[in-house]
Amino acid sequence: MANYFNTLNLRQQLAQLGKCRFMGRDEFADGASYLQGKKVVIVGCGAQGLNQGLNMRDSGLDISYALRKEAIAEKRASWRKATENGFKVGTYEELIPQADLVVNLTPDKQHSDVVHTVQPLMKDGAALGYSHGFNIVEVGEQIRKDITVVMVAPKCPGTEVREEYKRGFGVPTLIAVHPENDPKGEGMAIAKAWAAATGGHRAGVLESSFVAEVKSDLMGEQTILCGMLQAGSLLCFDKLVEEGTDPAYAEKLIQFGWETITEALKQGGITLMMDRLSNPAKLRAYALSEQLKEIMAPLFQKHMDDIISGEFSSGMMADWANDDKKLLTWREETGKTAFETAPQYEGKIGEQEYFDKGVLMIAMVKAGVELAFETMVDSGIIEESAYYESLHELPLIANTIARKRLYEMNVVISDTAEYGNYLFSYACVPLLKPFMAELQPGDLGKAIPEGAVDNAQLRDLNEAIRSHAIEQVGKKLRGYMTDMKRIAVAG
């Protein structure tokens with residue numbers, strides 16, 4: 001199979017990369033009615049599989065789970081989760097032939113095997129759904145021409161998808177129809193009904209493409225969302241300890257610092273995050289972020305180039321074929337780092353202390369978010385898509401680090417995200433070491449003293465922060481998410 005994106009001509013590539021339309025709430029007036037009375041069979045009962053299924057059932061849809069015979073016979077976790085929640089469970093052979101919509105919510109590396117198994121069992125004119133388009137775009141999976149292929153991609157982990165639905169809300173969602181597989185022209189109606197059934201229409205839905213979702217998703221998770229947080233954690237911890245900070249305190253400042261800092265980012269973008277600093281600290285954070293952007297821009301661009309060309313995907317799929325040798329080696333090495341093995345700090349760190357003593361961390365967040373956004377937009381991805389794949393998801397990933405450090409982040413994210421994270425962080429750490437050696441007192445671990453600032457300089461800096469394109473589009477998109485619950489900040 002050939003990488004689908006690479007089979008397109010340049011005009012088609014640009015058209016699909018640039019497909020992005022914010023859908024009006026009136027477009028979802030019919031809710032999930034298009035799928036009511038039809039049989040929806042979900043393959044996979046992980047975090048997305050279970051929680052999307054729960055939401056869809058609560059929205060009045062007929063939901064069941066198709067699992068492998070061994071999973072049922074051995075009563076594995078997927079079988080237990082589905083049955084304990086009262087769902088009908090059966091084998092592929094029992095459930096797939098009667099399904100109107102088959103939703104493949106297994107991990108990326110299982111998609112080809114799953115599709116090859118279910119496709120011969122699917123009835124004529126059925127639909128196949130994904131929540132990530134890697135199998136279609138990067139693997140180049142060929143789907144029978146009578147089958148409609150759609151995507152509904154919530155921009156949150158599965159647990160958040162469920163929690164927001166239970167609150168009567170939802171999470172921002174991308175939907176798409178594969179242009180090669182919409183024989184009856186009903187793909188958009190199916191995708192809209194599925195998105196409404198998960199609650200996504202209450203938080204904002206982007207009509208996108210499989211290509212735009214995949215390329216932007218890979219870029220965000222590799223760079224700012226996971227790679228930058230991992231590289232930043234390792235670099236900042238080592239710097240603090242090198243300068244005499246208690247390792248336990250240093251570990252806590254970083255582990256919970258990302259979460260605290262990005263909570264401000266979630267509520268009010270880079271503007272609010274920077275406003276949490278004193279004026280002298282804000283000036284310094286801005287200067288550091290500009291230095292970081294200049295240093296890291298070529299690395300961000302390389303990742304985007306490798307994602308666009310398919311170089312990243314081919315390398316990762318080669319590792320899949322080699323029993324994940326690289327991935328597992330990198331995972332083991334990360335677990336042995338000083339940050340991951342540091343003792344726990346039992347004392348309290350106040351919320352403002354994370355900002356005052358984390359000026360460098362704030363600069364890293366600002367630089368990483370802006371670079372990821374700018375690099376995606378320069379590659380033809382529309383600003384709304386770039387926002388969701390950079391700034392929007394960052395607090396959610398930071399929250400995983402607050403739970404169990406980098407280990408938890410790498411467990412929760414997909415194997416695809418984890419592989420890309422290691423590629424980025426392994427390149428970024430040595431790249432930034434000379435920069436780290438030139439830091440000043442107050443950049444990390446100590447507060448910058450209050451002092452006089454130049455009013456004109458501060459005015460211009462504030463204007464530069466607020467006028468960045470990600471702040472402009474972010475203000476609009478956050479307006480649709482005002483009801484989303486505040487992520488709990490650990491102390």
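Just so you know, the numbers here start at 1 and follow the chain as drawn.
Backbone N, Cα and C atoms are what each Cβ position is placed from, and that goes for glycine too.
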Inset, instruction - Pick the one from Asp182, Asp217, Asp238, Asp246 that Swiss-Prot also lists for the Mg(2+) 2 site with Glu389, Glu393. - result: Asp217
Inset, instruction - On the DSSP side of things, how many residues of the domain 'KARI C-terminal knotted 1' (209-344) fall into helix, strand and coil, could you say? - result: 118 helix, 0 strand, 18 coil
Legend entry - Integer Cα-Cα distance in angstrom, Lys109 (NADP(+) binding site) to Glu221 (Mg(2+) 1 binding site): 17
Inset, instruction - With a 10 Å radius around each C-beta, find which of these binding-site residues (Ser78, Ser414) has the fewest other C-beta atoms nearby. - result: Ser414
Inset, instruction - Compute the average pLDDT of the predicted model within the domain 'KARI N-terminal Rossmann' (15-208). - result: 96
Inset, instruction - Using the structure shown, find which entry in Glu221, Glu389 (the binding-site residues) has the sparsest Cβ neighbourhood within 10 Å. - result: Glu221
Inset, instruction - Rounded to whole angstrom, what's the largest C-alpha distance between any two of Cys45, Gly46, Ala47, Gln48, Arg68, Arg76, Ser78, Asp108, Lys109, Gln110, Gly158, listed as binding NADP(+)? - result: 22
Inset, instruction - Please work out the number of neighbouring Cβ atoms within 10 Å of the Cβ of Asp217 (Mg(2+) 2 binding site), leaving out its own Cβ. - result: 25
